[in-house]
Amino acid sequence: MLSVYEKGNALDKRVLEEWLLSEDILMENAAMALERAVLQNASLGAKVIILCGSGDNGGDGYTLARRLVGRFKTLVFEMKLAKSPMCQLQKERAKKVGVVIKAWEEKNEDLECDVLVDCVVGSAFKGGLEPFLDFESLSQKARFKIACDIPSGIDSKGRVDKRAFKADTTISMGAIKSCLLSDKAKDYIGELKVGHLGVFNQIYEIPTDTFLLEKSDLKLPLRDRKNAHKGDYGHAHVLLGKHSGAGLLSALSALSFGSGVVSIQALECEITSNNKPLELVFCENFPKKLSAFALGMGLENIPKDFKKWLELAPCVLDAGVFYHKEVLQALEKEVILTPHPKEFLSLLKSVGINISMLELLDNKLEIARDFSQKYPKVVLLLKGANTLIAHQGRVFINNLGSVALAKAGSGDVLAGLIVSLLSQNYTPLDAAINASLAHALAGLEFKNHYALTPLDLIEKIKRL
């Protein structure tokens, strides 16, 4: 997993003060990272347009232009007059080696290009973009688009101006910034990469409590013993609500992810031999012996024995439970909560936090972190375009999910994966992380995003 920071200022300061690297060296390395992205996506001689702002982000752009001129048809547009000392210096250096620099007002030529590089605002963006920064029309003329550090129009909280630069790849300088991982930013950053600034990243980084999950972090269930039986791999119990299909999907998902036994219990529906999958065990009552249980999928009302069940085994709580105040009984237990934003708002209201959906979406990371600090036994998995998993103030971000998962039943499959890992003795945090990764990666395996069904998803999970 990768370390994530709200801002890179403290990291850069450490490089300058402790290791005596200069701003010049940092900027040269930033330009080298951008240069690699250009070389990977364009042939020599291709046309490259670089948009430069007034600060150090613009300085990165002028440095890039100096490195490209002679190999590419390089054109720089000065979107704002160079103001920072490094930006002014790099602009002069670029001019000395023959880089063509024009004011934006001089754009009287064909703006079509092979590569368009955004070095306008970066991390300095606040408020709204100036009217003349028409990235949308410019982007339509470029075959490939690169953003330096942060696409212009995304602020430090991940809020996005509707006219923001939409990149095919974003090179985050030094380390990944949390603003690049907001739900709203997901459509603007493209592929996310880190540009190293002259120091190995593990030396460059400082301690953080925010992390980006990677494919390599996934630890699938392991059956490495030959002398074993079903009891060695746990008993997961799934309680079915009024909409029984949701719980059945969870149960099938749990069975496909390694649980030795998966049982179901009908709370608000009827299950018969005709509509129960043969591989699931039917229980009329809550089992006396079990490893973990899942409740909430398709549920309308909280069962009267809910509090008693919480004492018997670790659990996953999903969907319908968050609309009932009885869920507060679970907040002092080791449980995994898996709400989507609307359900989380209902839960927050129950604990006395009244905010709007807009406030939640604009401050999702901070709110999830604060909630996990207030309820340290709980693991919160907050769904969204990027999933947040929060525990005791640490937040793990899964940005691997795709639009293929935007289907009814997808979340039920996820609940089943989590309860399966819980039943196999994963810690609640590890269960949430690994289930989330498996869920996302299985979604990426499906070719047509529009066609994925929950049962397809389970089949893909079996093949990870």
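One-based numbering along the chain as shown.
Using the three backbone atoms N, Cα and C, a Cβ is placed for every residue, glycine included.
Taken from Swiss-Prot as is:
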type: REGION; residues: 1-205; note: region 'NAD(P)H-hydrate epimerase'
type: DOMAIN; residues: 8-205; note: domain 'YjeF N-terminal'
type: REGION; residues: 56-60; note: region 'NADPHX 1'
type: BINDING; residues: Asn57, Asp118, Ser152; note: K(+) binding site
type: REGION; residues: 122-128; note: region 'NADPHX 1'
type: BINDING; residues: Asp149; note: (6S)-NADPHX 1 binding site
type: REGION; residues: 213-464; note: region 'ADP-dependent (S)-NAD(P)H-hydrate dehydratase'
type: BINDING; residues: Gly298, Asp412; note: (6S)-NADPHX 2 binding site
type: REGION; residues: 340-346; note: region 'NADPHX 2'
type: BINDING; residues: 383-387, 402-411; note: ADP binding site
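Each of the binding-site residues Ala385, Val403, Leu405 was ranked by the number of other C-beta atoms within 10 Å, and first place falls to Leu405.
Other C-beta atoms found within 10 angstroms of the C-beta of Ser152 (K(+) binding site) number 27, with every protein chain shown included. Applying DSSP to the region 'NADPHX 2' (340-346) sorts its residues as follows: 6 helix, 0 strand, 1 coil. The Cβ neighbour count for the residue listed as '(6S)-NADPHX 1 binding site', using a 10 Å radius over every protein chain in view, is 26. A sphere of 10 angstroms centred on the C-beta of Asp118 (K(+) binding site) encloses 31 other C-beta atoms. The Cβ of Gly409 (ADP binding site) has 21 other Cβ atoms within 10 Å, all protein chains considered. Helix, strand and coil content of the region 'NADPHX 1' (56-60), in residues and according to DSSP, is 5 helix, 0 strand, 0 coil.
Proximity note: of the listed binding-site residues (Asp149, Lys383, Thr387, Asp412), Asp149 have a CA within 10 Å of the CA of Asn57 (K(+) binding site), given in sequence order. In the structure shown, the C-beta of Lys383 has more C-beta neighbours within 10 angstroms than that of any other entry among the binding-site residues Lys383, Lys407. Within 10 Å (C-alpha to C-alpha) of Asp118 (K(+) binding site) lie the following binding-site residues from Asp149, Gly298, Leu405, Asp412: Asp149. Note: the region 'NADPHX 1' (122-128) comprises 3 helix, 0 strand, 4 coil (DSSP; helix = H, G, I, strand = E, B). Proximity of Gly411 (ADP binding site) to non-local residues of its own chain (separation of 6 or more, Cβ distance below 8 Å) is seen for Met297, Asp318, Ala319, Thr338, His340, Lys383, given in sequence order. Non-local neighbourhood of Thr387 (ADP binding site): Leu381, Ile397, Asn398, Gly401, Ser436, Ala440, each in the same chain, at least six residues away, with C-beta under 8 Å from its C-beta.
Counting only same-chain residues six or more apart in sequence, the Cβ atoms lying under 8 angstroms from the Cβ of Gly298 ((6S)-NADPHX 2 binding site) belong to Leu240, Gly241, Lys242, His243, Ser244, Gly245, Ala246, Gly247, Glu268, Cys269, Ala319, Gly320, Asp412. The average pLDDT computed over the region 'ADP-dependent (S)-NAD(P)H-hydrate dehydratase' (213-464) stands at 93.
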